[in-house]
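Quick look at what TrEMBL lists:
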| type | residues | note |
| --- | --- | --- |
| COMPBIAS | 1-10 | compositional bias 'Gly residues' |
| REGION | 1-32 | region 'Disordered' |
| BINDING | 21, 35, 38, 44 | [4Fe-4S] cluster binding site |
| BINDING | 74, 75, 76, 77, 78, 79, 80, 81 | ATP binding site |
């Protein structure tokens, strides 16, 4: 939050607040008559009020973490957790010490995407120990706490906030270079909590993941405005699933007929091998989502935030995520890995 605005000169009054704003830490925040119609009303009404004694403990715990990056998305299904996982793999490959914190309480997918399903959290005299993929890549998620991975987490906001606080306060990351925080979609309790708890320790910024179509970008605009209101720098926006790219030799061909579809893959590939073998090295490209209105890049220009780049939809990347492995470990993710690597380098440079 910045000083100034119509509500006074206190540091807890946003610039765009209504006149006579009671301040974000007041018990009347978001509830007073003067709050009606304020763009910050919902955030102020739901945010915890007053100083939290645990914030000091969190700051002490995270004093050994050099950089903290949030990965956000306006809506679900845009590949945010896949990006968080591969960002962590990439930073670890660069020989950084990395921690990946999954605060998607109701839909923890990080354990699967890092090949850690079925692992348990262990405690020591220093606190909870992360589950390690490699010696320099540790992970923490509620997914490690569920007795059955199919169990639904049906929690109200205060209980979610309590677990997030416990993750930040009790997990012993040790000396690490990067803590990547994979947040759920939207701008709800978890986001308000993670920002409040981390601001005392310093947040480097947020990476926002989207897909090219307008239905996703509408929600991403809200996410960017959320970051601006709570004082989190936007490191940049990633346009994920930016067209489908895969080698022609990986395509499946079918013939449509009266009984239904018939697999014609081998027949088609044999013809190509015989008539035009050079086509087997061609990469096919197609637009999956409508990006005719400029996609994420145009939106970033309009909103004054950095555009980090595009990651194509790559079936091999999807397979790597399903198998819990890095897309950088081999040459299979030929479409997505170079794009992701370029984005990671920009993130490090920006941060």
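For all residues, glycine too, the Cβ spot is worked out from N, Cα and C.
Those TrEMBL annotations? Automatic predictions, nothing curated.
Since we're looking at a predicted model, the values are computed, not measured.
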Binding-site residues listed as 76, 79, least Cβ neighbours within 10 Å: 76
Cβ packing number for residue 80 (ATP binding site), 10 Å threshold: 26
Binding-site residues compared (21, 44, 78) - the one with the fewest other Cβ atoms within 10 Å: 78
Alpha-carbon spacing, residue 35 ([4Fe-4S] cluster binding site) to residue 76 (ATP binding site), which is rounded to whole Å: 30
Proximal residue to residue 79 (ATP binding site) among binding-site residues 21, 38, 44 (C-alpha distance): 44
Sequence-distant neighbours of residue 38 ([4Fe-4S] cluster binding site) in its chain (C-beta under 8 A, six or more apart): 16, 17, 18, 21, 30, 44
Fewest other C-beta atoms within 10 angstroms, as judged across 74, 77, which are the binding-site residues: 77
Which of 75, 81, all binding-site residues, has a Cβ with the fewest other Cβ atoms inside 10 Å: 75
Neighbour tally for residue 35 ([4Fe-4S] cluster binding site), based on other Cβ positions within 10 Å of its Cβ: 22
ATP site, defined by 74, 75, 76, 77, 78, 79, 80, 81: further same-chain residues with Cβ within 8 Å of the Cβ centre: 73, 185, 209, 210, 211, 216
